[in-house]
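Annotated in TrEMBL:
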- 107-375: domain 'U-box' (DOMAIN)
- 131-173: repeat 'ARM' (REPEAT)
- 215-257: repeat 'ARM' (REPEAT)
Amino acid sequence: MASHNEKNRKNRGFIDFVKVREVLSSIGLRSPSAYDEEILKLEAEAEKQAGTGGLIVSWERSNSKKKLYDEKAIDHISAIKAATDAVKMTAEFLVGKLAMGSLEIQRQAAYELRLLAKTGMDNRRIIAEAGAIPFLVTLLSSTDPRIQENAVTALLNLSIYDNNKSLIMAARAIDSIINVLESGKTMESRENAAAAIFSLSMINDCKVTIGARPRAIPALVRLIREGTTAGKRDAASALFNLAVCHANKASVVVAGAVPLLIELLVDDKAGITDDALTVLSLLISCPEGLEEIRNSRVLVPLLIDLLRFGSAKGKENSITLLLGLCKDGGEEVARRLLMNPRSIPSLQSLSVDGSLKARRKADALLRLLNSVGTNDLVDNFYELPTRKLQFSISGYQDFLLHELESAIQRLHNAGGRRFVVVGLPPIGCLPVQVTLGSLMPGQQMLQRLCVEQENTDSIAYNKKLRTLTSWLEGSWPNGAKVAYLDIYDPMKDMVNNPAKYGLNKHLKDVVGWG
């Protein structure tokens, strides 16, 4: 049996009074205030009937009330139909004026269509069915600033109705919209052209079509530089939609978007920090974007600050960028993060209190930072011949530990009191090291075996690391703790006894050739 609330909702939905008010007011048949008193009476009557169990029970209890309500309902259903017919007649009349009128009449007709399309999906559908779109596209080329502005804004409003998007694209509007975006007669025209591109590019096919126009993306980037706050936001949103299509990402980077978006992160007056971060978080996934973002010397400190002071969405995108930089941007970014005393506390806070997405990415970034020592040895010692001219393996370990000690001391000075440091795994058993070892002349050549010398180096490093953690904890009088996490032994056991952990492949079966 339906609950009282469900009956109430059904009864309230019998006539959509909001829709009545919207349609009647939007077409200008009569001031909506003239209907308010009657509508409020009907709403009150509907409430009374809902409270007595709905229309059927209301009939049984008060036939006169039921009859009164039905009469008024029929009147207003008729009013809705009449209003819809009036919108159709009005749209057809205005389209005729677009086609045949003087400049002054075209200007006024485009303005009226702009207003009529501003509210109501039915209005947008009816206007399109009346044939307005091709005429509005033609008016985009008008030399009259007001006609052009009204035409592009009317198309923007019409595009909100999804079925109209394909009609606008079929009318070959996109090139004319890009012309307005580039050199519209007014800033409002340019900004509404950007908003129209944003709306149209919600359709996947349109992303490809618009992105293939060589002038579209540079014009959006230019508007981000020159527009008002609303215009910058619409342009950034349009760039985001286009960049969702991977083929467009490089074009956005080549157009100069990255340094401009980074610049806007520190411009409080621009007010589009979150929008800029959202676009950057997409661009980092293409090689050109990663290179541009990685070359910025100011971005990492900005992102660390945004981890603390940004919006929830801004924090998510900041972590996305930092994670991408650390994964693909090399050891330098991770080291800069570790050297900044605000980064680890901010990440730890987000891993506990952030959104689900922020918590997941903060955890991933913290794990990545904890593994910096592994990459330091693999990438910056074993595979870097020049490093071996500077350090012995023991000397390089001491260098890394000194850097780690400095980073922990900075965090301690900033208020950190609980630290966990992770030891090295058996580096010689990493698939890439096993593969490289099998290619080197010697007894292991062409055999997939752990490189035992590298495992011995890991053990030596871990021993020094344990000594360092004990010394650090003993040197602090305020009860700060440093815990050492051993991952060498469990990982080595997994390599030696895979079946024990539910793994069905031995090291020799693991493919690591590329």
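Sequential numbering from 1, following the chain as shown.
The backbone N, Cα and C atoms fix where each Cβ goes, and this holds for glycine too.
Assigned with DSSP, the residues of the repeat 'ARM' (131-173) fall into helix, strand and coil as follows: 33 helix, 0 strand, 10 coil.
Assigned with DSSP, the residues of the repeat 'ARM' (215-257) fall into helix, strand and coil as follows: 37 helix, 0 strand, 6 coil.
Per-residue confidence over the domain 'U-box' (107-375) averages out at a pLDDT of 90.
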